[in-house]
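Straight from Swiss-Prot, the features:
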{"type": "COMPBIAS", "residues": "246-257", "note": "compositional bias 'Basic and acidic residues'"}
{"type": "COMPBIAS", "residues": "269-281", "note": "compositional bias 'Polar residues'"}
{"type": "DOMAIN", "residues": "18-249", "note": "domain 'BAR'"}
{"type": "DOMAIN", "residues": "290-349", "note": "domain 'SH3'"}
{"type": "MOD_RES", "residues": "Y299", "note": "phosphotyrosine"}
{"type": "REGION", "residues": "1-21", "note": "region 'Membrane-binding amphipathic helix'"}
{"type": "REGION", "residues": "60-87", "note": "region 'Required for dimerization upon membrane association'"}
{"type": "REGION", "residues": "246-289", "note": "region 'Disordered'"}
Amino acid sequence: MSVAGLKKQFHKATQKVSEKVGGAEGTKLDDDFKEMERKVDVTSRAVMEIMTKTIEYLQPNPASRAKLSMINTMSKIRGQEKGPGYPQAEALLAEAMLKFGRELGDDCNFGPALGEVGEAMRELSEVKDSLDMEVKQNFIDPLQNLHDKDLREIQHHLKKLEGRRLDFDYKKKRQGKIPDEELRQALEKFDESKEIAESSMFNLLEMDIEQVSQLSALVQAQLEYHKQAVQILQQVTVRLEERIRQASSQPRREYQPKPRMSLEFATGDGTQPNGGLSHTGTPKPAGVQMDQPCCRALYDFEPENEGELGFKEGDIITLTNQIDENWYEGMLHGQSGFFPINYVEILVALPH
């Protein structure tokens, strides 16, 4: 920075201190300007918070959002294509239903019904993915562009205006000690910056119908999603009702117990007829077979942040994901969340 530039910065700082500490009066901007500045500030804050809340609405699981963001960042660093999308809850439910529907098979009512509903859930997850992309393209991205371009440019003009106001007020206070031409130039620069800032704010506020169009795109995307979701659910409802009707019309089978086998005791000479026991009964199961990843809580854990899963010592928690070296994601009593690894012991490990 040149000597003249350093000198000007010193003058601005001096004027700012005299206003804040000494109570000096600076040049006041008119009420219309202040009102536009207020509305622009509210617009800027609204855009940032609404973008954040919209993403949370579309992708409600904070752990999944964090993992997805990390994967996409690493893919970008490595020059790879964009990583997988957000794991929709409907897709996870569909996967479980389809899996157990296949295991149960077609010789019962529940298995095929699980398959039908699982397929409907898979279709819902695809429609949800389309909603995510539509909202990002037609709502979030335009708001991001508004924030990064127009609002940032206005903030630049306002900052420049404030600097020139301080410079003008400093020189005005020293009128008679500095050349009149220098004061006149400072006033011209201040007026020029005020006009540029005022014009940019006016144009933004005057064209706010663009933001209304973006809101309309958000609502229309949701409307289309719900229309398709209703259609999918209506179709699977018809199939389930038909399955119920057919099952109700079939004669109910009666349980037919198999003949019991007799227990034969040893004879007096210590031998057992026919080689011993002819009936061993039903073997007692050795214990509960845990066929899915799970862990046991070693201590109580009270959640302190949104998205964390609380539990009590001894609770058995179903594991769904490992976020990083310190956190697991799991489910307990129908609630999903993440929790510290060192609070639990693994019973069935997650697949690698």
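Just so you know, the numbers here start at 1 and follow the chain as drawn.
Note: Cβ is positioned from N, Cα and C throughout, glycine not excepted.
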Mean per-residue pLDDT computed across the region 'Membrane-binding amphipathic helix' (1-21): 61
For the compositional bias 'Basic and acidic residues' (246-257), distant same-chain residues with Cβ under 8 A (at least six beyond the ends): 109
Assigned element (helix, strand, coil) containing the residue listed as 'phosphotyrosine', judged by DSSP: coil
